[in-house]
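The coiled coil feature in TrEMBL is assigned to 231-286. Marked as transmembrane segment by TrEMBL: 6-30, 42-71, 96-120, 140-160, 187-211, 303-322, 364-394, 406-426, 484-508.
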């Protein structure tokens, strides 16, 4: 009992250490992208806090799996200290953790982030009256609060009578587990609201993460264009634009006014010239920068990382494809949300995670790596595409130049993607997320000299839906994910869309040429003041 307590304490200490690492990462990440000239304390704190809460909620997944697995021995028997009361207490602790974190996420998404966003939108238009800015921000935030209230009410009272297949004992058992888990209206309301956000996160993952999984590694492999060569091209463009401007100005040398078309062309050329001048300053700085020389020396390592990320992306895609194919062939069907009650078509990650889970914290490290990989690939997709609302481009995400409003949008998108990560991990390793490394004892008869003997033995077997209910403990994460079957069905089709977008993005990234060494750092709508902090962007 003492050893078990020490081990559990060690697990929670590692979880606490992970919290500190998450906070440090979020602070560095947000500070890297926020604008140095338009930095706002409240938006910075909000972005760091929202992203940290999302990452902490994802960190509960391996803790949940570790706790249910740790209650059983490798031979399939429960440990001496793991009686029914202790097991229930552990499950309730994890459940309260999800309650707290998911409630905070709802607060951030539906109240705090909208309030801070609209506050700075009003501040940008009228910086004189703080009280008026707060009132307007609260007025717009109430709309989000109404949406949250509606989702909570729907979740609390939506019927949970899930159709199930006849003569399917395993499915009946899982149905009863879900219904028992959803006996509290408060828990059902919270689960429905979080599932709705996860559905939005799925759309964001399809849009940004799937494309980023192909764009990030191929950009590392292909590298960027040579700064000196780009500078030479830019100089030629400047000379060409100057000559064009000079030709237009010669038309009014004798005092004649320029035509409307010539004036519009002259204005466009002058804006183009200013942009080229800014590009010239950036390229000259890059050419002389020690950081660019260091990156050039690290070019072979970037290629290695790029190849590694390509392999990881293909591994994820193959695992996701096999898992979805398994659901298509062997799940309980659309009416159940394509819930799969056992693994028929295994995949690499589903085999690897249960093995690593036996040696804590190897699976924790792998799950953290997967989450961080999704974060970086999502960020790569967002940086390449920008933040769009249908066909309207709202914001660009650039290192050291991201406005407070864009930063809030960025962290909101990443928060929703991280929420969807839990289901992605379930899709990649359903057996691991459901039971961890648990085993249970099955009775078997030994055969002696070709005849059925009287010797009865018990053999350990990996937990699945066919196991006795009192022998295998289902994780709280799994029950959260499958409380509402229609969300599970949407996630299933979303996984196919994710695979399709990844393959399309892979083809597009392969066809595109090398990126500029200052890609995304210079735009026509930048002011000349943005060149005053070049050392910040290229350090």
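Using N, Cα and C of the backbone, Cβ positions are placed for all residues, glycine too.
No curator has checked TrEMBL annotations; they are predicted automatically.
When Cβ-Cβ distances under 8 Å to the transmembrane segment (187-211) are tallied for each of 140-160, 406-426, 484-508, the top count falls to 484-508. Sequence-distant contacts of the transmembrane segment (406-426) (same chain, six or more residues past either end, CB-CB distance under 8 Å): 30, 33-34, 43-44, 46-48, 50-51, 53-55, 57-58, 61, 105, 108-109, 113, 116-117, 194, 197-198, 200-202, 204-205, 208-209, 320, 367, 370-371, 374-375, 378-379, 382, 387, 394-397, 433-434, 477-478, 481, 491. Per-residue pLDDT, averaged along the coiled coil (231-286), amounts to 83 for this model.
When the stretches 42-71, 140-160, 303-322, 364-394, 484-508 are ranked by Cβ pairs under 8 Å to the transmembrane segment (96-120), first place goes to 42-71. Remote same-chain partners of the transmembrane segment (42-71), defined as residues 6 or more beyond its termini with a Cβ less than 8 Å from a stretch Cβ, comprise 4, 7-8, 11-12, 15, 18-19, 22-23, 25-27, 29-31, 34, 78-79, 82, 86-87, 90-91, 94, 97-98, 101-102, 104-105, 108-109, 112-113, 116, 119-120, 357, 360-361, 363-364, 367-368, 371, 404-405, 407-408, 410-412, 414-415, 418-419, 421-422, 425, 432-433, 435-438, 473-477.
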